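Below: the structure, in structure tokens.
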Amino acid sequence: MSGPLAVVGAGAWGTALANAAARAGGGRVLLWGRNPDAMAVLAATRTNERALPGVELAPEIEPTADAAAVGAASAVLLVVPAQAVRGALAGLGSVLAAPDLPIIVCAKGIERGSGAFPCDIVAELCPRAVPAVLSGPSFAADVARDLPTAVVLASAKAGLARKLAARLSGPALRVYHGTDVRGVEIGGAAKNVLAIACGIVAGRGLGESARAALVARGFAELARFARAHGARAETLMGLSGLGDLVLTCGSAQSRNFAFGEALGRGEVPATAAAGKLVEGAFTAPVLVDKAARAGVDMPIAQAVAAILDGAITVNEAVDMLMMRPLKAEA
Ligand SMILES: NC(=O)C1=CN([C@@H]2O[C@H](COP(=O)(O)OP(=O)(O)OC[C@H]3O[C@@H](n4cnc5c(N)ncnc54)[C@H](O)[C@@H]3O)[C@@H](O)[C@H]2O)C=CC1
Ligand SMILES: O=C(CO)COP(=O)(O)O
């Protein structure tokens with residue numbers, strides 16, 4: 001691949017991925033952020049103290065706020081929140097017009113309002129680009145500390161997915177490849193909603209048995225939703241799906257889990273996020289809406305959306321889930 005790799009979005013995950021890509025070899029990595037002052041500080045201090053404290057930027061990383069610089073990239077990692085994917089792409093505009101430019105979405109979510117998956121937004125706004133998605137169990141802080149991590153990168157173009165996975169893989173980040181873009185997107189988006197549910201269980205002190213039941217039944221509804229949207233079952237059994245569910249449904253390091261924990265303790269949604277990005281809170285209502293349209297039963301996601309909406313309390317949600325008519329396990 002000629003030309004630098006560009007990471008668009010200089011938050012926690014963008015900075016961690018830029019470092020991982022630099023350590024993987026392959027040359028320059030542009031780290032683009034929209035705030036020129038903040039990017040000047042990154043360039044001067046070689047750290048991103050606000051988003052990823054205590055982590056030094058690899059020498060190959062060039063922090064920049066110059067959109068034109070991204071135009072020279074051989075591939076773009078798009079690492080902004082799911083609700084900002086459209087705005088970020090629109091903001092970069094013609095900079096992303098090169099034919100066959102791989103744009104790898106690293107966000108986990110579904111767009112509210114449109115119900116669009118991130119790669120569909122890429123296809124809509126950058127019709128000459130090749131959309132791809134990278135997802136899986138991976139805390140930015142772990143990747144930044146070079147702890148062993150595995151993710152999956154999917155693109156409809158199998159050869160390109162293989163090449164990009166090789167470009168990003170390094171001693172501590174193992175990138176699998178695949179072609180099931182929709183399956184990988186759904187795994188990342190849905191697990192955030194289920195992580196909120198597991199956090200609520202922990203915060204309310206409902207016990208480890210309840211949490212394990214939620215993970216298993218949550219996986220069942222995630223897989224149903226994915227199948228209804230054309231994803232392959234084996235994708236959801238993999239890193240983006242089961243893998244990420246296991247990670248974020250069991251760790252307070254997850255912002256979605258921590259948000260749920262605060263709700264479980266009795267905090268209200270407006271303060272429970274504590275200023276952090278909670279993708280599942282944005283995705284819950286749109287996931288539930290899409291499930292209803294597709295005729296897919298997602299009682300746990302529905303309960304999360306209803307709690308966030310203020311329509312039901314945590315106790316009512318628990319009663320509702322426990323009192324559902326008994327059924328065969330499927
Ligand atoms: N932090 C983590 O451990 C992981 C995060 N992710 C996913 O990566 C995505 C980003 O998460 P984080 O980096 O953690 O969030 P963050 O809150 O640390 O950073 C988000 C960055 O996006 C920028 N941004 C927001 N709107 C923008 C726009 N319209 N144009 C340009 N830049 C914009 C913000 O200025 C900020 O620098 C989320 O979808 C998250 O689910 C995925 C795996 C791991
Ligand atoms: O997606 C993640 C780990 O795979 C990060 O999870 P949170 O966004 O819940 O912190």
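Cβ coordinates are placed from backbone N, Cα and C, and glycine is handled just like the others.
What TrEMBL says about this protein:
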type	residues	note
ACT_SITE	LYS191	active site, proton acceptor
BINDING	GLY9, ALA10, GLY11, ALA12, TRP13, GLY14, ALA140, ARG255, LYS276	NAD(+) binding site
BINDING	TRP13, ARG34, LYS108, ALA140, ARG255, LEU277, GLU279	NADPH binding site
BINDING	LYS108, ARG255, ASN256	substrate binding site
BINDING	LYS108, GLY136, SER138, LYS191, ASP244, SER254, ARG255, ASN256	sn-glycerol 3-phosphate binding site
DOMAIN	5-158	domain 'Glycerol-3-phosphate dehydrogenase NAD-dependent N-terminal'
DOMAIN	180-318	domain 'Glycerol-3-phosphate dehydrogenase NAD-dependent C-terminal'
The one of ARG34, LYS108, LYS191, ARG255, LYS276 whose CB sees the fewest other CB atoms within 10 Å, among these recorded positions: LYS276
Non-site residues, in chain order, whose CB comes within 8 A of the mean position of the CB atoms of LYS108, ARG255, ASN256 at substrate: ASN192, ALA195, THR248, SER254, PHE257, PHE259, LEU277, VAL278, GLU279, GLY280
DSSP helix/strand/coil residue counts for the domain 'Glycerol-3-phosphate dehydrogenase NAD-dependent C-terminal' (180-318): 105 helix, 0 strand, 34 coil
Binding-site residues near LEU277 (NADPH binding site) (Cα-Cα within 10 Å), from TRP13, GLY136, SER138, ASN256: ASN256
Spatial neighbours of LYS276 (NAD(+) binding site) among the recorded positions ARG34, LYS108, GLY136, LYS191, ARG255, ASN256 [C-alpha, 10 Å]: ARG255, ASN256
Cβ neighbours of ASP244 (sn-glycerol 3-phosphate binding site) where a neighbour is any other Cβ within 10 Å: 28
Where the C-beta lies under 6 angstroms from ligand 1, the matching binding-site residues among GLY11, GLY136, ALA140, ARG255, LYS276, LEU277: GLY11, ALA140, LEU277
Residue with minimal Cβ packing [other Cβ atoms within 10 Å] among the binding-site residues SER138, ASN256: SER138
Where TRP13 (NAD(+) binding site) sits in the secondary structure, as DSSP reduces it to three classes: helix
Candidate nearest SER254 (sn-glycerol 3-phosphate binding site) in space, where candidates are the binding-site residues GLY11, LYS108, ALA140 and distance is Cα-Cα: ALA140
Nearest-integer angstrom distance between the alpha carbons (Cα) of GLY136 (sn-glycerol 3-phosphate binding site) and LYS108 (NADPH binding site): 10
